[in-house]
Amino acid sequence: MHYFKKNINIPDLCMQILSGDAGYHLWYMGMIVRLFIYLPLILWILKKIHVQSFTLRLSVFITIAISYYEVSKYQNVISDKVIHFIFNNPTAAQMKIINISPFFWFLYFIMGIYIAFNYEIFKRTVLKFKVLIIVTYIGLFTYAYLNEMNMVPFIRAMYLLYFVFSILAWYIISVILSNRAVTYSIFNFFGKYSFGSYLSHVLLIQLILKIIMFKYGIRDWLAVGTVLWISSCIVNTILIKATSHIPYGYLITGNKQKSYIEMIKSINIKRVVQTVKSSF
């Protein structure tokens, strides 16, 4: 939408999407679109590996992990070489297309597929060592924070482990929370509409920001941030849920729900009348 305000041009729009520049929170689109294209081939290869012996599968995964470390180490060199090999005089958008290539994040995609293929084993193992994983994650989180504050030097292996253990730790937390009815219901509600909320939250934030900062003159960033957080997490999710009940609203939200018309038709009028009468 931000792009169409400026100019409607299909080739340029495709370039914007592939470069992840259609909106600052849509940077990943250029990566995910290409991943969807590669995914059938990736799945075919990994399915072939999955039926092999455990030793071979483990060896492949270790090789991938070591390879990713080297790719991460020389990412800038690799992307620069590829950019100038493909484009003579690369534009900013063309450079972004290469820089957000899924190749530079392949470890996490492969991890996801490995987990999906071996989910029960993964779940048992992670929950068995949950205390060790959480403690390790806290240590790595502390390192990542100190590194961001420039208090400790950057160590690539530590940073990569931090991302991996973040996935494991939050998986453990989600399993624990899902076993509690109240928290499960809350997170299930937000999770169901989270993608639609993510795509649209910038529009809501921009609208509310104009109101609270320019109309009411609120300049306290803590207050502004709190209002924006509540609006993007709660109000926006409710709006996405409401939109999903509009006919064909699922094309926008990604969640197919009963339309308001279907919900009204499904109401048993006689039962409602009887309930009202019995209450008096």
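Heads up, the Cβ atoms here are built off N, Cα and C, so glycines get one too.
Those TrEMBL annotations? Automatic predictions, nothing curated.
Not measured: the values here are computed from a predicted model.
TrEMBL annotations:
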DOMAIN    24-234  domain 'Acyltransferase 3'
TRANSMEM  26-46  transmembrane segment
TRANSMEM  53-71  transmembrane segment
TRANSMEM  97-117  transmembrane segment
TRANSMEM  129-146  transmembrane segment
TRANSMEM  158-177  transmembrane segment
TRANSMEM  189-209  transmembrane segment
TRANSMEM  221-240  transmembrane segment
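Put simply, of 26-46, 97-117, 189-209, the stretch with the most CB pairs closer than 8 A to the transmembrane segment (53-71) is 97-117. Highlighted: of the candidate stretches 129-146, 158-177, 189-209, 221-240, 158-177 has the greatest count of Cβ pairs under 8 Å to the transmembrane segment (97-117). Note on the domain 'Acyltransferase 3' (24-234): mean pLDDT across this stretch is 88.
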